[in-house]
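These notes are about the structure you will find just below.
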């Protein structure tokens, strides 16, 4: 009897804590809920208080406005996708390549070079904006997508993260292959890459989200509207429609909803990757 | 296996890191060196006659009121980091208990970190709308007659940005703490409970000291990441009203790409680097001093 009571008391506490945490979690995601709800409302309903979470007269006209017309988000989407995907694929592959070199090959100057690598993480992007702007202008890639794609192919964080992962792969696995006469290329492509799939997926997802959300570089290196990425297009939309709050939220949804999807699908990888690189780093 | 083959295999190290090294050279090292040089010139985009001006830019920086103002604003912005670290810790401790829907909850708290860029800043801009926004609507409905102006007044704007930033960072801190809490020995906690320690005591005297390396790491990485950010501020306030949200990183951007004063912008950007260097140095010193295991 006493045990039974204690058990149900435990379950009750558990339920109570769960509900409290759930309520707080809802507060965390309220900006997203409000955004989606507002994007479906009519202008008069935007600031009605108390908030009607379910739009009384749902309309898709704001989403239609964002996606059609001369400044459609379609263009921005294609630009962002192009930049983020090319950057993500190249950056992941090149990082894996370099990480293998740093983790598994003992060549002369490896450690100083790796220190140099890490020290570059301390240099803030603000130091690099002006010289990159001048260099890109000189090379003729200022105000082209190359100004985002080329630097986006390299990520110091990625090299660091994958190196940490490669160091956790037991040495015996690669050593026995090495003794059997397999070279580093074969070991890398046949053994390491397949083993590293989860880590590669993690880096790819994180890198994609960074490139997709990157506003600062696009702001500095792009001028032409037809080159704009989603964050710049969004800013432009807001500057040109200062009182169209529904439209703003429809436009913001266009920027955020794909990231929510990526997050829901890749949550496991993202959390694991960030945890590993922080705790073991 | 002959020695020749072994040596060739070792040389492959340069092939593996080569492409990535080229990127670091082109997009980090050379620009950084270029920027160091620009610091000693009066280079302006509109003026092709570049002069070497020695330390003039540094003298100008030391006399620039706006530089000090931007440092103050940066400090206010950085306040968000310790707050979000402590909140992240508390949420992690609760989520680490036996509760239902653990994974869903973890995901919800973490969502802002991964999904938000500039887009979500615009959502906050409307949520904070001083006259009609839902936040002040709520405050008025619970009896606050004069709710803050949030992003619209010089005294409250930096704190409104802090709230957005705490919201953004909290989930990341929570995730890292959740991993650290896995390492805390359950036996130790059980023993403390047996000895009659209250939950608050356990939290303060056992768990908090045990996760201090994580706290330290999160503080340092959070501070460095925050100090480099200016995107959300540029997007929603452009440093205003007045210059109340012009943090140092944004001030660099304004000098470079609003006034095209490249020499001075480079000087300011190295001041930013020095602040990062100081935080990193704190990390080296502090790791030994303040971290208790």
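Just so it is clear, glycine is given a Cβ too, placed from its N, Cα and C backbone atoms.
Residues or ranges marked as transmembrane segment by TrEMBL: B:12-34, B:75-95, B:107-127, B:158-181, B:202-225, B:231-253, B:265-285. The annotation domain 'ABC transmembrane type-1' is assigned in TrEMBL to B:70-283.
Cβ atoms under 8 Å from those of the transmembrane segment (B:12-34) belong to no residue of the same chain, restricted to positions at least 6 beyond its ends. As a quick check, the transmembrane segment (B:158-181) and the transmembrane segment (B:231-253) clear the bar of 3 or more Cβ pairs under 8 A, pairs 6 or more apart, so the two touch.
Counting only same-chain residues 6+ beyond the ends of the transmembrane segment (B:107-127), those with a CB under 8 A from a CB of the stretch are 91, 95, 133-135, 151, 160, 164, 167-172, 174-175, 231-232, 235-236.
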